[in-house]
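Enquirer: Mind having a look at this structure? Questions to follow.
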Amino acid sequence: MNYRHIYHAGNFADVFKHLLLVIAIDYYKQKNKPICVLDTHGGIGLYDLTSEQAGKTNEYPEGIGRLWNDADAPAFVEPYLNIVKELNEHGELTAYPGSPWVVQQLLRAHDRHIVSELHTDDAVALKENLRGQRHSQLEVLAPFDGYEALKAKLPPAEKRGLVLIDPPFESVHEFDDIVTAIEHGIKRWAAGSFAVWFPLKDDEKVGDFYRQLRDIAGLPKTLAIELMVKEPNPTTGLYGCGYVWVNPPYGVQQQLPDVMNYLQRILAQDSSAHARTFWLVEES
Ligand code: SAM
């Protein structure tokens, strides 16, 4: 396990991932009923953008840095940006929240939040970073395998909520593991919403991933959301990212055209930046 998220914290992929996460949770919160959020690959929760590691790759200026400096950011970005601003009260962008931090700021006392992280050192950091941030019923499973957490914790007592699956894609089996996890996950929690983040750098693998997902018997309505920030180039790696979203919350579906238009414009790294959204499995 070599992947450490500190090298990528706050990059365009985190912005895409976290903005949609905030919109989804805010939508669920329109009702007072409790929700459950399971974050299978939690990372460390809080990232120092001034650290040596973040500085080495320096990815955040083309991610959260763009939004931080956008004086005309649309209203739907505000709840997400406010979380980042609260972390950087002095007015300088030096810290970035990971998904467990973002979710914790949004959940209410009666909501449930389960986070797992497998890396031993990151598990320690995650627990430390979330100390004093318990706004909901929080359970940190660390070190713990996220795919095992899905088996152990689904279905939750709460009827509504979502699972975020955000692996590092270090393993050649990651896409296959996700397909298996979704297949079992929807059997355990049919009403649950499952958001899976994935990298766009190998079109063949992504096409195969989509095909495998479509082959899952009884897969509920599933969206594919893709953001391309630059022209694909086999030598430069990641050119975009996406979410496969099983049972996407209606609030996300409604806002997607505006959100993706904004993200494509603000995060573009060249003129070929674009976004596309389509149903892998249509609403029946
Ligand atoms: N979700 C985080 C966020 O948005 O801030 C970032 C997660 S990062 C992309 C992936 C994390 O998964 C890394 O911290 C890595 O150590 C962890 N990881 C790798 N394999 C795992 C597994 N099988 N179960 C749980 N965590 C795992």
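Including glycine, each Cβ sits where the backbone N, Cα and C put it.
Bear in mind that TrEMBL entries carry predicted annotations, made automatically and left uncurated.
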Enquirer: Which of these, ASP70, ASP72, ASP166, does TrEMBL say binds S-adenosyl-L-methionine at the same site as HIS18, HIS41, SER99, GLU117, ASP145, GLY146?
Expert: ASP166
Enquirer: When you measure from the Cβ of TYR3 (site 'Interaction with substrate rRNA'), how many other Cβ atoms are you left with inside 10 Å?
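Expert: Total other Cβ atoms inside 10 Å, all chains included: 15.
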Enquirer: Pull out the recorded positions from the set TYR3, HIS18, HIS41, ASP145 whose C-alpha sits within 10 Å of the C-alpha of ASP166 (active site, proton acceptor).
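Expert: Candidates kept after distance check: HIS41.
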Enquirer: Can you tell which of GLU117, ASP145, ASP166 has the most other C-beta atoms within 10 Å, given these are the recorded positions?
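Expert: The largest 10 Å Cβ neighbour count belongs to GLU117.
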Enquirer: For the S-adenosyl-L-methionine binding site, please report the maximum Cα-Cα distance among HIS18, HIS41, SER99, GLU117, ASP145, GLY146, ASP166 in Å.
Expert: 22
